[in-house]
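TrEMBL has this to say about the protein:
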- 15-35: transmembrane segment (TRANSMEM)
- 56-75: transmembrane segment (TRANSMEM)
- 95-120: transmembrane segment (TRANSMEM)
- 132-151: transmembrane segment (TRANSMEM)
- 157-177: transmembrane segment (TRANSMEM)
- 184-203: transmembrane segment (TRANSMEM)
- 209-236: transmembrane segment (TRANSMEM)
Amino acid sequence: MKEKQSLFSLITGNWQHFLALVVLMVIAFAVSIFAEKLASKKDLKEGKEPEKLLSIRKVSIIGVFSAIAFVLMLIEFPLPIAPSFYKFDFSDIPALVVGFAAGPFAGVMVEFIKVTLNILLQGTTSAFVGEIANFLIGASFVSVASIIYRFKKTRKTALIGCLAATLFITFAGAFLNAYFMIPAYALMFGGVENILSAGTAIYSFVDNVFTFCLFCVAPFNLVKGIVHSVITFLIYKQLSPILKAEAFGPAKKSKTVAANE
């Protein structure tokens, strides 16, 4: 009971930061839905039957890969280039695979379900701030890469999408930490000095929020984006036939194919 009261007081005492993060979550979903709508219009112009936002196939894929992502989220470890409270895991890979196979909204849903399962089964030690940050970085990475790929599904656009997504989370992650995450943690857990000292322990010249984000947060997300992109490239071609299989639901058909049947 005391833990619940403490958690509630942390959230209510820092509601501005918490509300800002929730708004960013809503924006992440809105962007992915808007991109899907635009892509569906493009499909119609090209004579293709656009797949529903949450078709049977997509729901099945989201369910399976969310479970995989949740398990991978449990296998986390620090990197020597950043403080130990920044944990590296491979849970964004299933979400990126789903984003390529079923669209950006499906990929973002995998990120959301993964984080929700983690909160329900593992709890939170950061008043949900860390979990929301994990979702925002993951959803940003998946959205940027899969939106670019959704409009032209080629190996080249997949590569461009992954490069753009990696650069985006490198800079956006640093911005998010500087203006939302670090201030929120500082208010909740005893001042920004405790956070900066972890960065100073790695790089002696890290002595403020700017240098902390530039030399600790940005390289961490850069490595994360590169590793996840490379692994996805290596496995996606092998997974693609499985994702299109009837086991996940009927495959969509173009209007011309449907008319000929």
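Cβ from N, Cα, C; glycine included.
Here the transmembrane segment (56-75) has Cβ contacts under 8 Å with residues 89-95, 97-98, 101-103, 106, 109-111, 113-115, 117-118, 121-122, 134, 243, 247-252 of the same chain, all six or more residues outside its ends.
Contact check: the transmembrane segment (15-35) against the transmembrane segment (132-151) gives at least three Cβ pairs closer than 8 Å, residues 6 or more apart, which meets the contact criterion. The list of residues near the transmembrane segment (132-151) in space but at least 6 beyond its ends in sequence, with Cβ under 8 angstroms from a Cβ of it, reads 21-22, 24-25, 28, 31-32, 35-36, 38-39, 42, 73, 91-92, 95-96, 98-100, 103-104, 107-108, 110-112, 114-115, 157-158, 160-162, 164-166, 168-169, 172-173, 176-177, 180-181, 221, 224-225, 228-229.
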